[in-house]
Every structure is written in structure tokens, then in C-alpha cells.
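Trainee: Here it is, the structure in full.
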Amino acid sequence: MGKNILLLLLGLSFVIGFLQALRCLECDMLNSDGICEKGNSTCEAKEDQECGILVVSQGVDILFGMQDCSSHCLNKTFHHYNLTLDFTCCHDQSLCNEF
């Protein structure tokens, strides 16, 4: 009987852990040191969202970044003249879009 209760509790803990919502870091303006200067908070990703981060750089110098819950997230890097825009998405764990 004790084993059955233990297995039931273990199964429930897995279900509860699985059902926890994905939380993402949210920042409207990350400076070049990765410090949020505007809009520092977290957001709860909806069903069609994941955590996203955008880092804009020029050569090896990071200019600024942004973090959010994103519906249209892509893992892609774009080059435009001398600027690089690096979009990264994640959904494997909460707060995974850390700078």
C-alpha cells in the first residue's frame, strides 16, 4: 500500500512539473553589458509562444538587446551592412533567454 501511494505522488509531481508555465525574461533594452535598462520583468509564454532574445552587434561589439515572450520566434542571424541581428529562441526551461 505504501508503495502505491509513493508511486501516485511521484506521478503527480511529474505531471505538475510538466504543466508549469514557461516563464521568460522580458526586457525592452539590454545594454552592451547585458544589463536591462528598460522594462525589466518576466512574462508567461502563451501556448504558441517561446522565450526569445535579440542581440544587435557591430563587428565584435554588442550594441543592445531585447528579451521577450515571442509568437514569431526564429533561430536566425541576419547581416545588414555592418550590423548583425542574432535572434535566438528557447522553450526547454523557464528563463532560458538569459543574455
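Residue numbering: from 1, along the chain as shown.
Glycine is no exception: its Cβ is also placed from the backbone N, Cα and C atoms.
Bear in mind that the values here come from a model prediction, so they are computed numbers and not experimental data.
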Trainee: Name the residue from Cys43, Cys89, Cys90, Cys96 that Swiss-Prot records as disulfide-bonded to Cys69.
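Mentor: Disulfide pairing in Swiss-Prot: Cys69 with Cys43.
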Trainee: If you pull up Swiss-Prot, which of Cys36, Cys51, Cys73 shows a disulphide to Cys24?
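Mentor: When Swiss-Prot is consulted, Cys24 turns out to be bridged to Cys51.
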Trainee: Provide the three-state secondary structure of Asn75 (N-linked glycosylation site) computed with DSSP.
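Mentor: Where Asn75 (N-linked glycosylation site) sits, the three-state DSSP reduction gives coil.
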Trainee: Given the recorded positions Cys27, Cys36, Asn75, Cys96, which lie within 10 A of Cys51 (disulfide bond) by CA-CA distance?
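Mentor: The recorded positions passing the 10 Å Cα test are Cys96.
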Trainee: Between the Cα atoms of Cys73 (disulfide bond) and Cys96 (disulfide bond), what distance do you get, rounded to the nearest Å?
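Mentor: Here the two Cα atoms lie 14 Å apart.
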Trainee: Can you give me the same-chain residues 6 or more apart in sequence from Cys90 (disulfide bond) with a CB-CB distance under 8 Å?
Mentor: Glu50, Cys51, Gly52, Cys96, Asn97
Trainee: Rounded to a whole number, how many Å is the Cα of Cys43 (disulfide bond) away from the Cα of Cys36 (disulfide bond)?
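Mentor: That separation, Cα to Cα, works out to 15 Å.
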